[in-house]
Amino acid sequence: MSIQAPRGTRDVLPSEAYKWNYVESLFREICEKFGYKEIRTPIFEHTELFHRGVGETTDIVQKEMYSFKDNGGREITLKPEGTAPVVRSFIENKLYAEPQPMKLFYITPCFRYERPQSGRLRAFHQFGVEAFGTSSPSVDAEVIGIAMAFYRKLGITNLELRINSVGCPECRNKYNEKLKEYLRGKLDKLCKTCQDRFDRNPMRIIDCKTDSCKEEIKDVPYMLDHICEECKTDFEGLKENLTLMEIAYTVDPTIVRGLDYYTKTAFEIVSREIGAQGTVCGGGRYDGLIGCLGGPATPGVGFGMGIERLLLTLQNNQIEIPKPSGLDIFIAAIGERPSKEAVRLLHKLRLEGISADKDHMNRSLKAQFKYADKQQAAYTVVIGDDELEKDIVQLKNMDSGNQEEIKLSNIIQELKNRLK
Ligand code: ATP
Ligand code: MG
């Protein structure tokens, strides 16, 4: 049997790659307009980075990572997300010593051992941005603004932005006590995972998808109702900035993150059509993360956006991405001398920036025309012995069917004029 791609991975074939190119270029363009610069980090990192940077109690670290020992005995992990590597790089390369905020974006593959389904893969891709060095809520709004501008430019309009505040370590510690008080009596009715969360990460219980847990926590106290004055001011600041930017939002107190270094803003952008895997973008503030990874205390905010889920959303909204145009020129040649002339001319055209191709299969003239048609060539240049004799070529406009004689010595200029 032939070898198949591993479960949860997908090839991007040429028939689809143009869509990837399109969304990637658009994402780059928009980030740059917002003053964000691209950063690229390696596909793998020391495993410890994710233990500390994503958190021991998260699903990612507990069961989803692709970790292995390399031949030198190092513990290595394929990146399951983009933020921790960017923070590692920010610290290691002392980007905090440059003018702040340091505003970065990335396009990266990610790897998570999950149950594959529509919109959920083991090897997938993310767009992400991170802004370091300021705790101003105007940057939280700016980060959200990038995602919303991107969706808008793509023509995706029926998305819902949900925002919340998960507080800061100070108000959260007090809140956690209230939360645990509420949950303590119900502990034996919660699922096993939530029982484990109770001590280490109680806020995550609010995020549990189990029906029985959902039922138990119907009147759970929310962080948002217990945030301190500073967190409240920042949350109001975020809402004010979003309003100024004319970005609609709903406040959703059930969005949680639960790790100490996540602070204040948490948000999700949800598509209503793609069902269970409806979160197309998730992000928020992590003022404790850089310190936690050994850097100088520096605030940060960002998001991660799944590219496969983005493409699904486009598909579900019947949004077509412009197909790349076909070839400019196909050269059809018959005979030995004409074939040599085709090689010479073809390379010249390509050097001139004209997209061009010729037959490599020894096809008949008729078959070459058929192939040119399949390649959506705008023009076909026909070279035969008779033509060469007269120092001309036949030029056929593939759209109109019009055919004309062109002097071979003028061909490049003539083609350029027509392709304008
Ligand atoms: P989910 O709740 O769907 O598991 P998540 O909270 O794990 O999402 P994040 O870690 O915030 O997701 O990642 C950001 C984005 O990356 C998600 O909103 C989603 O679009 C995408 N994403 C996450 N996991 C996968 C996956 N296994 N396959 C494809 N896309 C994914
Ligand atoms: Mg997940």
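Cβ from N, Cα, C; glycine included.
Computed from a predicted structure; not experimentally measured.
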Same L-histidine site per TrEMBL - residue from R74, R112, R115, R272 joining E81, G82, T83, Q126, E130, R257, Y261, Y262: R112
Recorded L-histidine site residues E81, G82, T83, R112, Q126, E130, R257, Y261, Y262, farthest C-alpha pair in Å: 22
PLDDT averaged over the residues of the domain 'Aminoacyl-transfer RNA synthetases class-II family profile' (1-322): 94
Cβ under 6 Å from ligand 1: qualifying binding-site residues of T83, Q126, R257: Q126
